[in-house]
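Peer 1: Supplied in structure tokens, the structure appears directly below.
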Amino acid sequence: TVCNLRRCQLSCRSLGLLGKCIGVKCECVKH
């Protein structure tokens, strides 16, 4: 599967984090 950046950012934003694609993985990182 490919990382969907927009969906990744949305799900991370709800945690107060920044969404980033690392390879095929969605990573939530601090701003």
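Including glycine, each Cβ sits where the backbone N, Cα and C put it.
For C3-C21, C8-C26, C12-C28, the entry in Swiss-Prot reads disulfide bond, with the evidence type experimental evidence. The region '[R/K]XCQ motif' annotation in Swiss-Prot covers 6-9. Positions annotated as site 'Interacts with KCa2.2/KCNN2 and KCa2.3/KCNN3' by Swiss-Prot, on the basis of a curator's inference: T1, V2, R7, V24.
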Peer 1: Relative to the Cα of V24 (site 'Interacts with KCa2.2/KCNN2 and KCa2.3/KCNN3'), which of the recorded positions T1, C3, R7, C8, C12 have a Cα no more than 10 Å away?
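Peer 2: T1, C3, listed in sequence order.
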Peer 1: Just to verify a number: CA distance, C8 (disulfide bond) to C21 (disulfide bond), in angstrom, no decimals.
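Peer 2: One finds 8 Å between the Cα atoms of these residues.
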Peer 1: Quick one: what's DSSP say for C3 (disulfide bond), helix, strand or coil?
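Peer 2: Looking at the DSSP assignment, C3 (disulfide bond) belongs to neither helix nor strand, so coil.
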Peer 1: Among the disulfide-bonded residues listed here (C12, C26, C28), which has the Cα closest to the Cα of C3 (disulfide bond)?
Peer 2: C26
Peer 1: Which recorded positions are spatial neighbours of R7 (site 'Interacts with KCa2.2/KCNN2 and KCa2.3/KCNN3') here, meaning Cα within 10 Å, out of T1, C26, C28?
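Peer 2: So the list is C26.
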